[in-house]
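S.K.: The following block contains the structure, expressed as structure tokens.
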């Protein structure tokens, strides 16, 4: 029994064998010649469109229903469920096609971890941003009577909160999300636990849900620059644009910290890099 445990720890069982996949090239022009690349862009565009359509429509509907009744509508809890639930659904649907990013901050974090190339990262962000704008455009078309009146679902810093607090909330919220993405999709865990890939969308959706519960009162919860951009473009009011930088800078900083923490602390990337310069012959 002790021998079996020792063999398992050393990775002697073929079912448990694991090797880190090679990092994605910084520039991979060959991607531009593949249909799978454009299919992934379409998937990211449609997924982000649907995400913004359902979630912003939920926000507008809640505000219109609660206008004359403080207890009317789905409430903050319902809004958080809409965001988290849609991420769960859309990640599940698109993970096998594009990776199910649906968020430039997630794409940025994966790029820093060398999971995607620079070309793919930029094109994903463009597709996500365009999808978000189209999604909010549909909301405005279907809820024209209430859209402007109830804020257009735009992210703005709430009264009583400083810019630093808003920025910090976006950094921490995005860190929670991107850290969850890295942990839920870690190929090392997939090799060890076969159930992990199937369940990956669930913790990611729950992370979005929990962050929304915490930060809706502060910033309306961005943690997704495409979501904030789509709402700002269609709503097009000065307050939304004045605060808009928070919803790009904060999520990108949070994503960068999460990528560093997962890759270099939890996965010991820094130690492995240092160890590669030392000879360690097996006995």
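Heads up, the Cβ atoms here are built off N, Cα and C, so glycines get one too.
Heads up, TrEMBL stuff is auto-annotated, nobody curated it.
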S.K.: Which stretch, out of 2-25, 74-97, is listed as transmembrane segment by TrEMBL?
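M.R.: Checked against TrEMBL: transmembrane segment maps to 74-97.
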S.K.: So are the transmembrane segment (74-97) and the transmembrane segment (245-266) touching or not, going by 3+ C-beta pairs under 8 A with a sequence gap of 6 or more?
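M.R.: Between the transmembrane segment (245-266) and the transmembrane segment (74-97), which are separate recorded stretches, there is no contact, as judged by 3 or more close Cβ pairs.
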